[in-house]
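What follows is a set of notes on a single structure, which appears directly below.
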Amino acid sequence: MGRMCIAMAPRTLLLLIGCQLVFGFNEPINIVSHLNDDWFLFGDSRSDCTYVENNGHPKLDWLDLDPKLCNSGKIAAKSGNSLFRSFHFTDFYNYTGEGDQIIFYEGVSFSPSHGFKCLVEGDNNKWMGNKARFYALLYKKMAQYRSLSFVTVPYAYGGNAKPTSICKDKTLTLNNPTFISKESNYVDYYYVSEANFTLQGCDEFIVPLCVFNGHSRGSSSDPANKYYTDSQSYYNIDTGVLYGFNSTLDVGNTAQNPGLDLTCMYLVLTPGNYKAVSLEYLLTIPSKAICLRKPKRFMPVQVVDSRWNSTRQSDNMTAVACQLPYCFFRNTSADYSGDTHDVHHGDFYFRQLLSGLLYNVSCIAQQGAFLYNNVSSIWPVYGYGHCPTAANIGYMAPVCLYDPLPVILLGVLLGIAVLIIVFLILYFMADSSVRLHEA
């Protein structure tokens, strides 16, 4: 698209005349907002109106969200949780929501400050990579779908071994994917194991496919004390498509050779029948999936930076995941500084940023939200909605550039109108003089 403007309604003619005299009119505002009432927000404690505490603080002082929105029915939020955390771990909140314009303000509840590792000598950096890949896919798909929810994935395993929880740290225990223990009749982990699972009821599903990226030692009962290279895949029984990958790193789970941890890829799968296959080590099966329903016309999601005050370590994985054209990232330039609750809740600038949810705007773009659809000094990049006409800044005042055709037509019509007015004035003046002469 060039920097020419689409013809506007006649009422904007005055704006055309005055735009060179006005500087800074209808600039983009750094807020998250919506074009109409068809929106939804996914959040954590900073937008959780149901959180209850008895510490003498003012009511709802932990919110960055305006309390007027608490009863809007357009928010799914849980203190201490996030979509990533609920997707992978037993600490689960059933995030469910639907809207055309989707906003995310969560993610900080799984950050480097938690330092999660699957194994004692594991690597939290791998989990930060998992987080970035998860949100990148989630944002991309929610620019195309209205509805998000969680579903349980049923599976059938023909062996006698049971699920095992080998990936846990402090208060978090991984349960997606599910790990199946080694069958007792095998001496080591060099065997093929498989299980069937079914995906149904949604347009598409987001599921994890994970491997321990490195050399995994078998159990203490393994007489050979062998190390294994993890290999996992999902096979679509209906279509014949295979998804899979192997571990590639030369790391282990010892103090001398640390770094072994779970690396996850995130897949978008269609409804159908699948087979999970492990060629070595533990079999993994998806136990939960994000259910995507109701396709919509492409509409970028808006993501608000989810971070702690600088006294606690944060990450930038949601910023890494939020990329054009499917995502607009919103942030403030200052350190997060909470108010009466604590330093991590109730930041003044983030409250301003989220105050845009109280009203509709005309246009949402990369630079922010535009209140009006008439004129702006900034061209809306990746604009959605009824976006303003372009106006370039030149010298000391803006110079408005419009599509020349409607401007020429307006000039012709204005010239004709002037000629008609002059003709009528002369006609009535001549008519008046004739009548005076006859009198």
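Placement of Cβ uses the backbone N, Cα and C atoms for every residue, glycine included.
Remember, it's a predicted structure, so these values are computed and weren't measured experimentally.
Annotated topological domain 'Virion surface' per Swiss-Prot: 23-407, in sequence order, evidence recorded as sequence analysis. Averaged over the topological domain 'Virion surface' (23-407), the predicted model reaches a pLDDT of 91.
The Cβ of Cys70 (disulfide bond) has 15 neighbouring Cβ atoms from other residues within 10 Å, across all protein chains displayed. If you look up Swiss-Prot, you'll see Cys49-Cys70 (among others) marked as disulfide bond, on the strength of sequence analysis.
As annotated by Swiss-Prot, N-linked glycosylation site applies to Asn94 (among others), with the evidence given as sequence analysis. Around the Cβ of Asn94 (N-linked glycosylation site), the number of neighbouring Cβ atoms within 10 Å comes to 9.
In this structure, Cys118 (disulfide bond) belongs to neither helix nor strand by DSSP; it is coil. Annotation comment: Swiss-Prot describes Cys118-Cys167 (among others) as disulfide bond, evidence class sequence analysis.
Under the DSSP three-state reduction, Asn196 (N-linked glycosylation site) is assigned to strand. Within 10 Å of the C-beta of Asn196 (N-linked glycosylation site) there are 16 other C-beta atoms, taking all protein chains into account. Taken from Swiss-Prot, the feature N-linked glycosylation site applies to Asn196 (among others), supported by sequence analysis.
Cys202 (disulfide bond) counts 20 other C-beta atoms within 10 Å of its own C-beta, drawing on all protein chains shown. Cys202 (disulfide bond) falls within neither a helix nor a strand when secondary structure is assigned with DSSP, and so counts as coil. What Swiss-Prot records for Cys202-Cys291 (among others) is disulfide bond, and it gives sequence analysis as the kind of evidence.
Swiss-Prot lists Cys210-Cys264 (among others) with the feature disulfide bond, giving sequence analysis as the kind of evidence. When secondary structure is read from DSSP and collapsed to three states, Cys210 (disulfide bond) falls in the strand class. Annotation for Cys210 (disulfide bond): same-chain Cβ neighbours under 8 Å, separated by at least 6 residues, are Pro177, Gln232, Leu262, Thr263, Cys264, Met265, Thr284.
Under the DSSP three-state reduction, Asn246 (N-linked glycosylation site) is assigned to strand. Annotated N-linked glycosylation site per Swiss-Prot: Asn246 (among others), in sequence order, evidence recorded as sequence analysis.
For the region 'Esterase domain 2' (282-395), the number of residues in each DSSP class (helix H, G, I; strand E, B; coil) is 16 helix, 35 strand, 63 coil. As annotated by Swiss-Prot, region 'Esterase domain 2' applies to 282-395, with the evidence given as sequence analysis.
The local packing around Asn309 (N-linked glycosylation site), expressed as other Cβ atoms within 10 Å of its Cβ over all shown chains, amounts to 15. Swiss-Prot lists Asn309 (among others) with the feature N-linked glycosylation site.
The local packing around Asn316 (N-linked glycosylation site), expressed as other Cβ atoms within 10 Å of its Cβ over all shown chains, amounts to 14. Taken from Swiss-Prot, the feature N-linked glycosylation site covers Asn316 (among others), and the record attributes it to sequence analysis.
Sequence annotations record features per position, and here Swiss-Prot assigns disulfide bond to Cys322-Cys327 (among others) based on sequence analysis. Proximity of Cys327 (disulfide bond) to non-local residues of its own chain (separation of 6 or more, Cβ distance below 8 Å) is seen for Tyr139, Lys140, Ala143, Pro300, Val301, Gln302, Val303, Ala321, given in sequence order.
The number of other CB atoms found within 10 A of the CB of Asn331 (N-linked glycosylation site), across every protein chain shown, is 17. Annotation source Swiss-Prot lists N-linked glycosylation site at Asn331 (among others), citing sequence analysis.
Residues or ranges marked as N-linked glycosylation site in Swiss-Prot: Asn360 (among others).
According to Swiss-Prot, the feature disulfide bond maps to Cys363-Cys387 (among others). The C-beta environment of Cys387 (disulfide bond), restricted to residues of the same chain at least 6 apart in sequence and closer than 8 Å, consists of Ser362, Cys363, Ala365, Phe370, Asn373, Pro380.
When other Cβ atoms within 10 Å of the Cβ of Asn374 (N-linked glycosylation site) are tallied across all protein chains shown, the result is 21. The feature N-linked glycosylation site is assigned by Swiss-Prot to Asn374 (among others), with sequence analysis given as support.
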Quick check on the disulfide-bonded residues: of Cys49, Cys167, whose CB has the lowest count of neighbouring CB atoms inside 10 Å?
Cys49
Just name the winner among Cys118, Cys291, Cys322 (the disulfide-bonded residues) by count of other CB atoms within 10 A of its CB.
Cys322
Among the glycosylation sites listed here, Asn246, Asn360, whose Cβ has the fewest other Cβ atoms inside 10 Å?
Asn246
10 Å Cβ neighbour count around Cys363 (disulfide bond)?
23
Write down the Cα-Cα distance for Cys202 (disulfide bond) and Asn196 (N-linked glycosylation site), rounded and given in Å.
18
So if I draw a 10 Å sphere around the Cβ of Cys264 (disulfide bond), how many other Cβ atoms end up inside it?
23
